[in-house]
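What follows is a short report on a single structure.
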Amino acid sequence: MSQKSFFSLICVLLICIVCCDEHDHIYKDGDEVVLWMNTVGPYHNRQETYSYFSLPFCRGQKAAISHYHETLGEALLGVELEFSGIDIDYKGDFSHTEYCSVDLNEEKYQAFVYAVQNHYWYQMYIDDLPIWGIVGEIDDGGEGHYIWTHKKFDIGFNGQYIVDVNLTSESKVKLKPGIKIPFSYEVKWHTSNVKFEDRFDKYLDPNFFQHRIHWFSIFNSFMMVIFLVGLVSMILMRTLRKDYARYSREEDLDDMEKDLGDEYGWKQVHGDVFRPASHAMLFSALVGTGYHVALVTLCVILFTIVGELYTERGSLLSTAIFVYAATSPVNGYFGGSLYARMGGKLWIKQMVASAFLMPAVICGTAFFINFIAIYYHASRAIPFVTMVAVTCICIFVILPLTLVGTVLGRNLAGQPDYPCRINAVPRPIPEKKWFMEPAVITLAGGVLPFGSIFIEMYFIFTSFWAYKIYYVYGFMLLVFLILAVVTVCVTIVCTYFLLNAEDYRWQWTSFMAAASTSGYVYLYSFYYFFFKTKMYGLFQTTFYFGYMALFSLALGVMCGTCGYIGTSIFVRKIYSTVKID
């Protein structure tokens, strides 16, 4: 009986949750429409936001409604929804109505003046539709500071749905200590032909994202791929054919002629080319993480194309966290199997390193920035409960799933199956020209991959750091695939030159040559910060360069893994087709 009662209680709770969801978006005449006040902050510092009521605005008379973070993404993005207290009813027009007033003492006066001087803007939500407004403005002489006191809402509806919201700020009042500022609003409803499914289209900017420069950059990158693939195929096929012919002639010579002959090239390192990479634990953890990041990126792009996740607050970030946690076995499988093939024995240590490599770096950076956000009392300060939730996801979801993947990887793909035996004693690496050194190859390897994506980086940066909503995820998918192909082609060529110089340290070189793309992206972020934005202040600067470093790191690990995968297949292929005594 108690078990039955328990299940009945669960069913009732689920029904209540479904029926009482404030986001079903369906209204009847006279239903309450909630106006949520979100954040306020400097226009040029998009991420430096504060609670709307941190400025001395006043609330309406209506009873307060509490808001909770529906998703983890909302909490991490600093969404601070607070009820405005303004009375709005579905299809109910309100004429000019004063809802509160503020007595402007010296402290409040200074707060408003500072906000006006720094071009503070605020964000509100009605039925999940964002609305933006400006706090005030400065007169032409630069001495008088004015604040907008009247909000005029023009709301469009289609049947039972709200499909359009526009805000007009009116009634400019000059700020002076000791005055009383009345705040008012009015609401006008009108029918609209906009469909509910299309109501977010007005926030998108096709003139910016579908500009012919964007199309040209995609076409240019695509032509680069065709050129590179053709060039690599032609050069390597012709060169390898000559190598195979030369090695075949050498096999027909007797031992005396071989000793007198001038042997050189990639065949000479066949006994060392499959030697395990130095720092195998770190290398396998990076490769496993790269597989993981690449899969998460692909999944999130596809989900966004299908589900238009950019229309919901925090949905994109929540989806990324969920997919990252759910696909953790991929990390363990590829990282664990590679470590086993390299002869690693400390597999548990490797598994932990692989599971926590990316989360530890992200959480460490985020928590550091969080201390600055707390000092600034910014809405971006991550709540303690959210920190605990993220930590629990890492410990109780990501770690066990990575363990499962590691065990599977070690058992299913952990046996080395190299086409050449590994010599007991490492072969000395001969001296070579400076441009054949791994460090130089690493720096050169990222130039072309960066060239294929840097235009797209501008659009992505602008959508995140400025006031644009990125929605052309089809473009992003194409760029993602182009980047992968260009990275593989470039690293194969780099590795061939390295092996031809009889240097068998190709694993780290192929990984770092591809990963160096992220270094150029990070350098580009400096250019973007100083020449394309007007950001200022410690918090915004730290936030920008901290999260750009994380973005570049994730991109580097992903590109490095792509380069290593392609190069590994290439190296196996060329050494498996050469007859080796």
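Even glycines carry a Cβ here, placed using N, Cα and C.
What TrEMBL says about this one:
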| type | residues | note |
| --- | --- | --- |
| SIGNAL | 1-22 | signal peptide |
| TRANSMEM | 215-237 | transmembrane segment |
| TRANSMEM | 280-305 | transmembrane segment |
| TRANSMEM | 317-340 | transmembrane segment |
| TRANSMEM | 352-376 | transmembrane segment |
| TRANSMEM | 382-408 | transmembrane segment |
| TRANSMEM | 439-461 | transmembrane segment |
| TRANSMEM | 473-499 | transmembrane segment |
| TRANSMEM | 511-531 | transmembrane segment |
| TRANSMEM | 543-571 | transmembrane segment |
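Annotation: stretch 352-376 has the most Cβ pairs under 8 Å to the transmembrane segment (280-305), among 215-237, 352-376, 439-461, 511-531. Outside the transmembrane segment (511-531) by six or more residues, the chain places 283, 286-287, 438, 441-447, 449-450, 453-454, 457-458, 461, 465, 483, 487, 490-491, 494-495, 541, 544-545, 548-549, 551-553, 555-557, 559-564 with a CB less than 8 A from a CB of the stretch. Among the listed stretches 215-237, 382-408, 439-461, 543-571, the one sharing the most Cβ pairs under 8 Å with the transmembrane segment (473-499) is 215-237.
Tertiary proximity for the transmembrane segment (382-408) is limited to same-chain residues at least six positions away from its ends with a CB under 8 Å from its CB atoms, namely 69, 72, 75-76, 321, 324-326, 328-336, 347, 350-352, 354-356, 359, 363, 366-367, 370, 373.
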